[in-house]
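**Q** Not my notes, these are from TrEMBL:
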- A:19-48: domain '4Fe-4S ferredoxin-type' (DOMAIN)
- A:73-103: domain '4Fe-4S ferredoxin-type' (DOMAIN)
- A:Cys83, A:Cys86, A:Cys89: [4Fe-4S] cluster 2 binding site (BINDING)
- A:Cys93: [4Fe-4S] cluster 1 binding site (BINDING)
Amino acid sequence: MVTNGFIAPSSLSVKDLPWQVHWSRDRCTLCGRCTAVCPVHAIELAVFRKRAVQPVLGLKEPPSSLFQVFYGIRQKTDPAYACIGCAMCTMVCPNEAIIPVRSDEADKLRYHVNRGGQPRRRGGRRNMPDGVLDRIKFTRISMLTDPALDAGRHEFELRTLLGRILPPEDSLQLLKDEGWIPPVREIYPLIIGGMSFGALSPNMWEGLQMGVAYLNEELGMPVRMCTGEGGCPPRLLRSRFLKYVILQIASGYFGWDEIIHALPEMKEDPCAVEIKYGQGAKPGDGGLLMWYKVNQLIAAIRGVPSGVSLPSPPTHQTMYSIEEAVAKMIQSMSMAWGFRVPVYPKISGTSTALAVLNNLTRNPYAAGLAIDGEDGGTGAAYNVSLDHMGHPIASNLRDCYLNLVKLGKQNELPLFAGGGIGKRGNLAANAAALIMLGASGVQIGKYIMQAAAGCVGSESDRCNVCNIGICPKGITSQDPRLYRRLDPELVAERVVDVFLAFDTEFKKIVAPLGRSTSLPIGMSDALGVDDRNIAERLQIRYVV
Amino acid sequence: MCRLFAVTSQEPQSPMMAIQALDVMREGHDGSGVGLFLSDLGGPFEEFKGAPVLSGIFSNAGLKRLDQFMMNIGFMTKYKLSIKVPKGAPPSGAPRRDIYLIRAYEYPEEWESLSEADIRHRLLMIRLQLRQMGEEEGDMIVFSFWPDVVMIKEIGDPMSVAEYLQLDRRELYARIIMAQGRQNTNYAINLYACHPFFIQGVASMTNGENTAFIPIREFLESRGFPGYMGYQSDSEVFTHILHYTIYRLGLGIEAYKHIITPLQDPDLEKHPNGAFLKQVKHSCRRLIIDGPNCVIGCLPDKSVFMVQDRKKLRPGVVGGKPGLYAFSSEICGLDAAIPDRDKSKDFQPMHLDTAVIGPQRREVTLWSQTDSLPLLH
């Protein structure tokens with residue numbers, strides 16, 4: 001063994017990595033499941049050599065060295081194979097012999113994950129655990145309400161409207177004159193946001209759709225789910241379940257051939273059409289489905305060759321300006337369904353959101369605006385975009401709502417907020433806070449992946465390999481060997497569990513505030529926060 | 001909680017009748033304030049039915065400013081009732097005022113050619129201007145400026161205030177009296193926060209708490225109508241929603257309930273006017289109250305009504321006999337005011353009901369939200 005083994009600048013020790021795999025030789029049965037399941041091949045079976053001095057009893061023979069060989073698990077230190085902390089090894093180990101442990105100091109890997117001049121690309125989340133939403137409290141308890149509302153017994157109507165709502169005078173006049181009144185859907189305020197067929201595995205998608213269908217048909221909860229860009233399986237397009245689906249169109253137009261062709265055969269209109277201009281996790285970037293995930297099925301639905309990366313451009317390149325894009329696309333999408341389907345754009349949280357909103361208020365066909373804040377997740381993005389780009393949702397949404405109030409158009413153009421709702425698990429509280437700040441409803445993506453499918457990602461850079469199709473849980477993988485791990489039926493059950501639990505918690509928030517028959521949109525007098533600056537910025541109460 | 005009492009009678013009644021009913025219900029309010037709305041006036045004001053009546057509280061300096069202002073815009077005093085306060089100390093909590101003024105005016109000559117809508121608008125603007133002047137100097141509080149309407153509000157126990165101001169006087173007899181006991185407790189004590197509220201012939205008072213206040217206020221304020229202002233109390237929006245229903249949407253009282261507490265979707269689907277009501281529900285969604293509230297109000301045609309919130313969490317009863325009916329928070333209030341009525345006909349509106357007594361005062365009309373609406377078009 002040479003004393004000065006080859007050490008390059010990027011030679012890292014295990015200690016330099018964000019995750020160290022602790023393995024117990026005493027407990028290991030050498031079954032090999034951990035190395036088989038590791039999505040990034042961070043561990044391998046290894047042969048270890050060991051010298052031991054073995055003194056012999058008596059004086060007949062002198063003490064001697066004994067060389068032993070044993071087998072075990074070795075963690076690779078090559079940056080390309082660094083452990084991502086997903087803990088699938090722990091999950092499959094029969095003896096609890098192995099577990100990844102987070103380093104006790106900042107890792108050095110972050111300086112070396114740009115090999116070949118390629119900056120780090122990953123899927124997932126922003127990896128910042130904190131946020132304003134969790135600091136907001138509901139401070140206006142309705143003590144004058146005597147008797148108080150009972151979340152368990154009183155009737156609640158937790159519904160929101162998706163679609164352009166005309167001022168009462170115009171609306172009633174149009175009704176009288178039999179004029180065109182924009183379509184409006186009464187839906188549940190918690191929406192499953194755009195995660196495409198392609199970004200998600202077929203099993204995950206099927207599970208979500210089944211869950212949504214059950215919620216609607218068996219439990220009477222009008223839950224809606226957005227497709228994301230990438231089209232929709234043809235059978236779904238022609239089924240009655242399409243009414244629970246919000247079709248998304250983005251700048252790559254992936255899957256839209258299929259949708260357009262299915263139009264004459266559609267039994268139901270979709271719930272709505274969402275035109276994606278941006279997403280919170282990587283504002284100003286387009287979509288990207290990396291080639292690892294474009295298998296034959298995905299290629300067929302999207303109408304592209306398989307095995308190639310599918311980037312959507314950051315803008316709708318057939319349009320001259322956002323004004324034109326918003327006007328023309330909204331109008332033509334509306335027209336495609338005979339002006340019976342609400343069409344609205346989705347943008348990333350940005351300080352220019354107000355400009356888009358003002359533009360929409362003057363467009364009679366615009367049915368709403370979805371804003372996705374910086375904490376949104378994505379299937380694939382550059383690390384720098386995920387971590388550093390974008391606008392927090394709370395103030396962005398609040399600005400937009402207050403702007404509508406100023407124009408007298410609050411809730412005429414419903415605002416839907418996304419990005420970081422429930423990122424610390426407080427789904428109902430975060431959603432309620434956003435609704436009281438002015439959102440008509442909220443969109444969730446990551447939360448539903450974590451809650452319904454057991455996505456192991458967390459807000460501390462764990463896993464985050466959604467982009468390369470090796471999702472260890474089979475949620476975002478297109479490899480049948482992986483997505484077979486995910487049972488769609490069980491995902492559907494979890495979706496139902498999540499929505500029912502949310503419903504209960506949401507009632508537990510609105511009931512003490514005295515609200516039950518209408519969603520407390522804009523009920524900002526109920527909110528308080530322990531930071532004077534936040535309070536001032538959001539125009540809510542400062543409480544300590 | 002507040003206590004409400006309203007009476008509508010063929011014969012003019014003393015305001016003390018309502019005050020006494022409030023006093024019987026004293027366990028339900030804390031005696032922190034009282035508000036009175038009088039309309040269809042008897043007494044001397046009856047002779048000036050069409051003339052606008054100004055009611056408010058003035059300091060001596062404020063009165064001079066008022067006189068100057070009204071003279072400048074051409075209003076001449078036709079009749080006045082000034083309640084000069086007695087020498088003794090005012091009731092506990094009530095500030096010492098110079099004068100409670102109720103004054104009937106003659107319209108300026110150039111108003112004669114104006115349309116009804118124009119007059120409505122101008123009277124409102126004058127009241128708002130006076131209110132603003134008063135808020136600047138703190139020398140006048142103006143409650144109403146409208147034909148055949150008198151309003152009196154003060155802080156303190158209703159009975160003590162009434163006795164102090166000697167409200168049992170002929171000049172104040174009226175056929176419609178609405179009274180509320182208790183000041184607004186949501187925000188600071190402010191006379192403008194005291195029920196009943198009034199705008200252009202529409203008055204209402206409420207007990208309970210309107211938890212949807214802020215979004216409704218934001219919606220009303222953004223309508224661009226100058227009268228939708230103030231909101232020192234969360235209940236003022238009930239009056240303004242009613243005004244909006246009548247004047248802006250051109251709908252009647254039977255639509256009011258559908259606006260503030262719409263039916264749920266399954267019921268709407270069965271309703272004979274389902275399509276229309278669904279449209280009302282969607283476009284007026286921002287005006288949905290969440291209660292718990294009992295609302296008693298008076299319409300420009302002198303009908304008096306009561307509605308409940310969706311959950312019916314506030315008490316309210318209507319009863320009486322032909323010619324004399326009353327709405328009350330509690331039955332004991334009704335018993336005190338009209339003991340000789342047929343109690344079996346007392347009606348407590350539930351969550352779908354609107355109870356109305358028309359200007360003829362012959363019967364209580366009941367509408368359920370599930371009934372079809374009167375002709376809309």
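Just so you know, glycine gets a Cβ as well, placed from its N, Cα and C.
Those TrEMBL annotations? Automatic predictions, nothing curated.
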**Q** Does DSSP give A:Cys89 ([4Fe-4S] cluster 2 binding site) helix, strand or coil?
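**A** DSSP call for A:Cys89 ([4Fe-4S] cluster 2 binding site): helix.
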**Q** What is the Cβ neighbour count of A:Cys89 ([4Fe-4S] cluster 2 binding site) at a 10 Å cut-off, with all protein chains included?
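**A** A:Cys89 ([4Fe-4S] cluster 2 binding site) is surrounded by 24 other Cβ atoms within 10 Å.
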**Q** Whole-number answer please: how many Å between the C-alpha atoms of A:Cys86 ([4Fe-4S] cluster 2 binding site) and A:Cys93 ([4Fe-4S] cluster 1 binding site)?
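**A** Approximately 13 Å lies between the Cα of A:Cys86 ([4Fe-4S] cluster 2 binding site) and that of A:Cys93 ([4Fe-4S] cluster 1 binding site).
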**Q** Name the residue among the binding-site residues A:Cys83, A:Cys86, A:Cys93 whose Cβ has the smallest number of other Cβ atoms within 10 Å.
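**A** Output over binding-site residues A:Cys83, A:Cys86, A:Cys93: least Cβ neighbours within 10 Å is A:Cys93.
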**Q** In the domain '4Fe-4S ferredoxin-type' (A:19-48), how many residues does DSSP put in helix, strand and coil?
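**A** Final tally across the stretch: 5 helix, 11 strand, 14 coil.
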**Q** For the recorded [4Fe-4S] cluster 2 site, enumerate neighbouring residues of the same chain (Cβ within 8 Å of the Cβ centroid of A:Cys83, A:Cys86, A:Cys89, site residues themselves excluded), in sequence order.
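**A** Neighbours within 8 Å of the Cβ centroid, excluding A:Cys83, A:Cys86, A:Cys89: A:Trp19, A:Val21, A:Cys38, A:Pro39, A:Val40, A:Ala42, A:Ile43, A:Ile84, A:Gly85, A:Ala87, A:Met88, A:Thr90, A:Pro100, A:Pro472.
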**Q** Secondary structure at A:Cys83 ([4Fe-4S] cluster 2 binding site) (DSSP, helix/strand/coil)?
**A** coil
**Q** For the C-alpha pair, I'd like the distance in angstrom between A:Cys83 ([4Fe-4S] cluster 2 binding site) and A:Cys93 ([4Fe-4S] cluster 1 binding site), rounded off.
**A** 16
